[in-house]
Amino acid sequence: MNNKVRKIFALMFLIFTMISIAQNKPAEKMEWLTSKIEYEGLPLYLRLPKYEDIWKYQSKYPKLINIEHTFDSVKDNGLPTSEYNKSLSDFDNEIVNLLQSESNGIIFLVETYGGARNYWFFGEDSDFFLKIFDDLKAKYSDKKLELHIQIDVDWDFIKDYPVGLYKKK
């Protein structure tokens with residue numbers, strides 16, 4: 001009987017581990033939607049993770065978090081120069097993958113416009129994001145980074161965005 005109980009617990013552990021791993025979707029494994037539009041006469045590039053239902057997170061994540069990266073090298077239209085943009089690949093990848101699971105928040109938009117790239121998240125714990133941001137600033141001291149956190153319980157940022165980002169189900 002004792003051996004059976006061990007096998008059951010081992011099987012349960014394996015199942016829970018597999019479920020946990022399946023839920024940890026790094027952004028690089030997520031499907032991303034991209035769009036280029038013109039806003040106020042300038043190109044606006046958007047990248048959105050393709051969530052099955054982003055609205056299911058609304059009650060869990062009341063804070064709007066923005067990490068803004070001001071570019072060092074831009075063209076007249078506010079976009080980064082090609083070489084500079086290529087040099088940002090690892091940095092960009094690290095930021096979009098800050099949240100390896102959905103336990104501390106979700107990334108919902110990467111926006112390139114007017115000489116900057118904005119990484120938009122919804123989260124719960126400001127201290128968590130402050131710590132992550134301090135670590136990023138230390139690691140990438142050559143980058144012009146700013147952190148903005150505000151309460152947005154109703155997710156008005158998404159609802160009021162100039163173009164439709166996510167449809168309400």
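Even glycines carry a Cβ here, placed using N, Cα and C.
What TrEMBL records for this protein:
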- 1-22: signal peptide (SIGNAL)
- 59-160: domain 'DUF695' (DOMAIN)
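Sorting each residue of the domain 'DUF695' (59-160) by its DSSP state yields 33 helix, 35 strand, 34 coil. Model confidence over the domain 'DUF695' (59-160) stands at 94, taken as the mean pLDDT rounded to a whole number.
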